[in-house]
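As recorded in TrEMBL:
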| type | residues | note |
| --- | --- | --- |
| TRANSMEM | A:6-31 | transmembrane segment |
| TRANSMEM | A:38-59 | transmembrane segment |
| TRANSMEM | A:65-85 | transmembrane segment |
| TRANSMEM | A:92-110 | transmembrane segment |
| TRANSMEM | A:154-175 | transmembrane segment |
| TRANSMEM | A:209-229 | transmembrane segment |
| TRANSMEM | A:241-257 | transmembrane segment |
| TRANSMEM | A:264-287 | transmembrane segment |
| TRANSMEM | A:293-311 | transmembrane segment |
Amino acid sequence: MDWVTIISTTVKAAVGVETVLYALAAIGINVHFGYTGLLNFGQAAFMAVAGYGLAVTVTVLGLPFWIGIGVGLLAAVLLAVVLGIPTLRLRADYLAIVTIAAAEIIRLIFRSVAFKDVFGGSDGQRGFSEGFYALNPFPEGDYGFGWFTFNNRVTWVLFVGWLLIALSCLIVYLLMKSPWGRVLKAIREDEDAVRALGKNVFSYKMQSLILGGVIGALGGFIYGLAFASVQPDIFGTETTFFAYTIVILGGAARVLGPVVGSMIFWVLLVLVNGILSGAVEAGYLPFMAPTQVGPVRFLLVGIGLILLLVYRPQGIFGDKREIAIDAR
Amino acid sequence: MRRAVIAFTAFLSGLVLLLTAPAQAATADQGLRGTLTFQGQPVNGVKIVVTTESGQPVAEATTNAQGTWQVPVDKPGKYKVTLDVATLPKDAAVRGGSNVRTPTVYEGNMSTVLFALQPKGAPGQPAQEEGGESSFWTQAAQLAFEGLNLGLIIALAALGLSLIYGTTGLTNFAHGELVTLGAILAYAFNVGVGLHLIPAAVIAVILAGGLGYAQDRFFWGALRKRGTGTIAMMIISIGVALFLRYVFLIFFGGQNEAFAQYTAQPGIEIGPISAAPKNFVAMGIELLVLIVVGVALLRTRTGKAARAVADNPALASSSGINVDRVIRIIWTMGGAIAALAGIMLGLSQNLKYTMGQDILLLIFAGVTLGGLGTAFGALVGSLIVGLFIQLSTLWVPPELKSVGALAVLIIVLLFRPQGILGRRERIG
């Protein structure tokens with residue numbers, strides 16, 4: 001087995017594009033689920049409308065990159081409002097079903113033949129990221145040391161991505177320390193008590209949904225820009241579920257929980273993939289075909305999610321008393 | 001308790017034995033097809049050329065002795081279909097003059113391309129509309145039939161989901177995987193072992209019931225004893241769904257498969273409806289199972305106990321009902337009929353490792369529409385969802401038919417969140 005490659009890809013995965021975009025999605029979910037107790041199972045939809053908002057504005061309408069970013073963010077806010085109005089008054093499991101349904105509606109529309117001219121069908125859209133790379137201050141070349149190098153485009157994406165993560169974490173940290181954040185946590189603990197204190201619970205939940213959705217939307221931008229394309233099936237329900245696994249792994253209701261969770265999640269995923277692929281290639285696992293390696297690692301994600309919630313629902317950094325996993 | 005469980009599964013599987021016929025499935029995921037007839041006779045040997053919208057060649061086909069042709073395509077999208085006029089019979093011409101059609105192919109659907117033939121030199125527009133284009137109402141009847149079929153399948157799966165929710169508070173995101181499990185188990189015994197589909201289906205349903213029992217006995221029941229919250233259990237069920245889905249992918253593979261029997265049944269026509277006989281039989285079985293389960297819920301002691309537990313577990317427990325036993329029976333039955341739903345779904349479509357995942361949201365839509373936690377609400381809601389999905393294709397493209405159903409789910413929650421048969425307090 002080629003250990004150098006396995007270890008280098010694993011280390012790179014700790015800061016890689018997937019880690020960044022899932023960290024952003026997970027920070028958003030942390031605002032929803034960790035702090036407010038909202039079970040938003042449609043985070044992938046927020047990423048999708050942002051990515052597609054950018055892509056369609058630039059490629060179909062021919063408008064500049066920054067307007068695309070604006071359209072994407074606006075789309076995420078709109079989605080939060082449209083989703084929130086019917087569902088935020090409902091109990092947690094209804095919210096979960098409605099958000100997951102809405103995410104599927106959006107994915108099906110994006111991949112439909114009927115709207116192929118706008119959204120590009122199942123192939124998605126491409127060719128909208130030039131505006132972003134034109135801003136790249138890193139000249140041509142590789143950055144890093146030894147085998148830990150990224151080319152200038154990836155470096156630029158990662159730089160912006162980690163900047164956004166830092167910014168989001170700072171915002172979440174400051175907000176959750178503020179009176180506003182304490183109301184959110186109080187809603188998570190006992191909605192009726194907060195209502196009795198004269199707070200408009202619906203409005204607070206809506207603000208939380210919008211904030212988390214916009215942070216998730218940043219993840220959608222990072223995806224679109226890093227891979228220079230958006231495809232509908234990337235934004236399926238499993239994306240949301242992986243982001244949930246990340247939040248729970250890192251620890252819900254902790255500012256840095258989702259970031260650390262995302263790093264660990266992708267390091268483990270890439271490491272398992274590397275070791276299994278290497279072992280299969282070297283013939284140590286004669287019962288496994290190379291194509292079965294991919295499913296095996298996602299199967300492990302499922303087991304990991306079960307074990308985490310059964311034995312350590314607070315994740316690595318969380319506090320068990322702060323997790324909204326009981327019925328209300 | 002075990003005796004009751006075994007009796008119940010045996011009972012259900014006995015019902016399945018009555019089943020005489022399931023499924024037909026097209027081998028290709030999507031494609032184009034058509035039938036050429038001229039003066040009532042099929043036309044043999046006509047060349048059809050399919051290209052993409054931009055003119056890239058895809059495939060050529062020649063009509064067979066029945067006058068039919070078929071071209072599978074890799075991707076959904078717009079295609080250009082050209083009929084080679086030179087290969088037509090000497091005295092025939094395409095009505096309307098144009099020998100080019102540009103149909104749209106949707107994912108997982110065969111699009112029918114219509115070329116009407118007429119004697120050469122005949123006037124362009126004959127007075128009566130003939131065969132090919134069916135009227136709105138015929139189409140509606142056909143779609144209503146298909147919708148009923150889908151609705152019954154959803155209802156089978158939804159019944160278990162709704163009762164499990166009612167008795168344990170668990171919103172089970174892994175229920176779709178129980179549907180897939182049934183289909184894949186039946187496939188394993190049918191194609192893998194070589195049994196005929198009917199005994200294979202019976203074994204699959206019994207096994208799935210047993211697995212449902214084991215799931216509650218060793219997993220969910222243990223979690224309940226630990227005092228795991230319902231939201232934690234919901235997220236755990238997502239983990240279970242991911243786990244099972246990828247287990248299926250590893251053992252079954254990512255391709256589409258069909259059962260060994262009943263795959264290509266010629267359709268029969270009853271009134272405006274044309275369908276393979278297996279569909280009628282499948283619907284009969286589904287209906288029968290639903291009626292039997294419904295009667296069992298209303299009339300038997302266990303059924304009454306199940307409804308009592310779904311209503312109020314604490315009260316049921318204090319009035320002497322063994323709640324754990326009831327829950328275990330519901331899991332067993334829920335697993336068995338979800339498996340039956342999977343087999344029926346595999347008959348009317350293809351088998352795929354994501355088939356349960358794909359239908360899960362429709363099951364949720366049915367359950368929510370009818371009222372989460374109620375048994376008969378799930379039935380009513382599922383039938384409405386099935387009918388709505390198919391009938392909506394009269395106006396919307398088939399690829400977007402699920403969108404309508406999911407949108408209705410959201411709208412229902414706006415105006416009547418407790419569903420049709422639910423009660424107000426349930427939504428909290």
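From the backbone N, Cα and C atoms, a Cβ is placed for every residue, glycine too.
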With the transmembrane segment (A:6-31) as the reference, find which of A:38-59, A:65-85, A:241-257, A:264-287 contributes the most Cβ pairs under 8 Å.
A:264-287
Under an 8 Å Cβ to Cβ limit, what residues of the same chain, 6 or more beyond the ends of the transmembrane segment (A:92-110), are close to it?
37-45, 48-49, 52, 79, 83, 86, 119, 124, 232-233, 235-237, 240, 324, 327-328
The transmembrane segment (A:241-257) and the transmembrane segment (A:293-311): do they have three or more Cβ pairs under 8 Å, with pairs 6 or more apart in sequence?
yes
Same chain only, please: residues at least 6 beyond the ends of the transmembrane segment (A:65-85) with a C-beta under 8 Å from a C-beta of the stretch. Say none if there are none.
42, 45-46, 49-58, 98-99, 102, 106, 128, 130-132, 134, 205-206, 209-210, 213-214, 216-217, 220-221
